[in-house]
Amino acid sequence: MADFLTALAQIFAPDTLLYMALGSVAGIIAAAIPGFTVTMAIVLTLPLTFTMEPLQGIAVMLSVYVGGYTGGLISAALLGIPGTPSSVATTFDAFPMARGGEPGRALSLGVWASFFGTLISTIVLVVAAPPLAIVAVRLGPWEYFSLIVFALTIVASLVGHSLMRGLIAGVIGLAIATIGPDPMMGRPRFTFDIDMLAPGLPFLVVLIGIFAISQLLSELEGTPGAPREAALIPSAIDFKTWQVMREALGQPVNLLRSSLLGVFVGAVPGAGGSIANLLTYDQARRASKTPEKFGTGVPEGVVASEAGNSATAGGGLIPLIALGIPGSAVDAILMASLMVHGISVGPRLIMENGDLVYGMFIAMVVASLLMLVICTLSMRFFLRVTAIPTSVIVPVVTVCCVAGAFALNNRVSDVYLLGFVGLAGYLLKKLDYPLAPLVLGVILGPIAETNLRRALMTDGDWTVFLTRPVSAALLVAAVLSVAWSVRSHLKGRRMLLDA
Amino acid sequence: MREPAGSGPAPSDAAPAGEVAAERARLVSYVVLFAAAAGLYVVSLSLPTSRWEPLGAGSFPRLVMVALGALSLVAALGSVRKLRRLGAAPAANPLVAAFFARHRVVVAVFAAFAVYLALLRPLGFAVATFLFLLAAQLLIARWSWRGLALAIVVAAVFSFGLNFLFATVFMVFLPRGILG
């Protein structure tokens, strides 16, 4: 109870609420701009939180996260362009609804569905994370190493178009993590007498380079100087806030089913808002008495897709808080921000930093409320940001990345590293390697190595990973996830050949 | 997407030229990764072992490099098979030239970014950033006097303004360079 009250006091401090409100605005704006992802917004926020208290910093980043999932709705509904990959299904019905003369209703429905989706996912998070952590603290280094192997294989299986490239990306991440001092004895590895490599590659610089710089370069691939598509904004938009809230609440089954599905998808490492968005939309259509109307602007479609993608935010925090395993790139960044403050993330997080975890639960609720208020009051302003030209956004955000990378350690060499990593990330992206497994490999690499070495210090026999039941089950699950992915790939190819 | 000139045997009618070029590029990446994994595996052999534990500093990197090498090899073999299926020989082609031709703006902006990073220390954040922002906006946008005015305003705000923000709010002093 004391932890809860401490957390409550920290979150409701005026400066924290102000920073969270700014974070919500930043997330909404970032996601409303097509091509600027939620991940990039969180990466850019990270350096700004270093001077804050750990809970304050993480609360701000959660606000960006929650705001970002909603911001994607704006360009999806009004332009028919998903602002983020997690709002693809939102375009199916929100855009026709807006085109049909009800843009305010489309936006309001999406905002309310996002709000309820986040709330439901937070409730599941509060209920599920503590018991899971109690089980997880009993895991030894054998189980932990196997858990990381499982997480990496499942991420590689679910992200991108090719399992093989997903696995390679994950292993590249592990290889990057081996540069610099080894995590147990501190012996230098692969530094080749280069000063820049001596402390290892700072994973935050890798994160910024891989996600932000590579994405910004990709944004330049369109026609030079082409203006963004004109927004479909009529002179007056009537949001009908309360009426639409009743409309959203009038679909309790759809709302609950979509939110719970979103939580489940968010909790699975590698799956995320983009999958949840499509899956929940599909389920809503299957359950509907009038599935043929989906795609013409029905409210059920908007509610399902937005509740589903927003609920992944809480779902993704379950493995992060309970196991110390980030399920997505955004969760990896949240984990990194805690590590920067010297907080070790793992099953003991709840026991050793209860106030922080309670604070994260409260922050999720507050962030969703802030998002709701901000979106309702200032949606008209956010509509304008979709018109900012690429020629301004890309250079400005690039400069923000440079300033952020420098601020991490006050080292110009980190900025040079940012350039190299950004270029490498862009080339990998062009070659269709998924980047999320790579980043998870960089973050989980030292944890995997430490647990592997600890496990073998206790017993030098490698078969112990197979004789301990939980470890064996996790390794079997890893093999099954790869086998399932290969099977799906072969099945898909066979269907393509038959067609 | 056009197939670059001089790219070896023509692919079959069913194989889109872009798909063949992309697969060739991926094959090159698998070979590069395999070579890197093999090289780093050899380097890791010289890392010291430990008296206190069965695995030393080099064991985990060796494990990772073996995994990377094996996966790259399997992927490369799959890529060669795919190229044969597409009716194209897995020969080298001017991938780099074709890439540069298709991504002129990306290459130009990244080149400006590289110069910016090189000038960051001597010129300082504010001046180097102003020049980069101006150059990058002009490279990306279509030329107009209005665009130039906007570019100058944006460059000034996000170079000197950002420098001021970091120094006064976050107490982070970005490189000062010629402004001392």
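Our numbering is plain: 1 for the first residue shown, then up by one each step along the chain.
Placement of Cβ uses the backbone N, Cα and C atoms for every residue, glycine included.
Annotated domain 'DUF112' per TrEMBL: A:17-440, in sequence order.
If you look up TrEMBL, you'll see A:20-46 (among others) marked as transmembrane segment.
The transmembrane segment annotation in TrEMBL covers A:58-81 (among others).
What TrEMBL lists as transmembrane segment is A:111-137 (among others).
As annotated by TrEMBL, transmembrane segment applies to A:144-161 (among others). Sequence-remote contacts of a segment are chain residues at least 6 beyond its ends whose Cβ falls under 8 Å from one of its Cβ atoms, and for the transmembrane segment (A:144-161) they are 167, 169-170, 174, 268-271, 275, 319, 323, 325, 327, 432-434, 436-437, 440-441, 444, 447-448, 451-452, 455, 465, 470-472, 474-475, 477-479, 481-482, 484-485.
If you look up TrEMBL, you'll see A:197-217 (among others) marked as transmembrane segment.
Residues or ranges marked as transmembrane segment in TrEMBL: A:259-279 (among others).
Sequence annotations record features per position, and here TrEMBL assigns transmembrane segment to A:320-344 (among others).
The feature transmembrane segment is assigned by TrEMBL to A:356-374 (among others).
Marked as transmembrane segment by TrEMBL: A:381-406 (among others).
Residues of the same chain lying 6 or more positions beyond the ends of the transmembrane segment (A:464-486) and with a Cβ under 8 Å from any Cβ of it are 139-140, 142-143, 145-147, 149-150, 153-154, 156-158, 163, 167, 455. For A:464-486 (among others), the entry in TrEMBL reads transmembrane segment.
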Proximity verdict for the transmembrane segment (A:58-81) and the transmembrane segment (A:197-217), three or more C-beta pairs under 8 Å: no
Reported mean pLDDT - the domain 'DUF112' (A:17-440): 83
The transmembrane segment (A:197-217) versus listed stretches A:111-137, A:320-344, A:356-374: most Cβ pairs under 8 Å: A:320-344
Distant-in-sequence neighbours of the transmembrane segment (A:111-137), which means Cβ under 8 A and at least six residues beyond its ends: 66, 69-70, 73, 244-245, 248-249, 255-256, 258-260, 262-263, 266-267, 302-315, 317-318, 321-323, 346-351, 357, 361, 364-365, 367-369, 371-372, 375-376, 379
Tertiary contacts of the transmembrane segment (A:20-46), as residues 6+ beyond its ends and Cβ separation under 8 Å: 11, 59-72, 74-75, 79, 81-87, 204, 207-208, 211-212, 215, 218-219, 228, 273, 329-330, 333-334, 336-337, 363, 366-367, 370-371, 374-375, 378, 382-383, 385-386, 388, 390, 393, 397, 400-401, 404
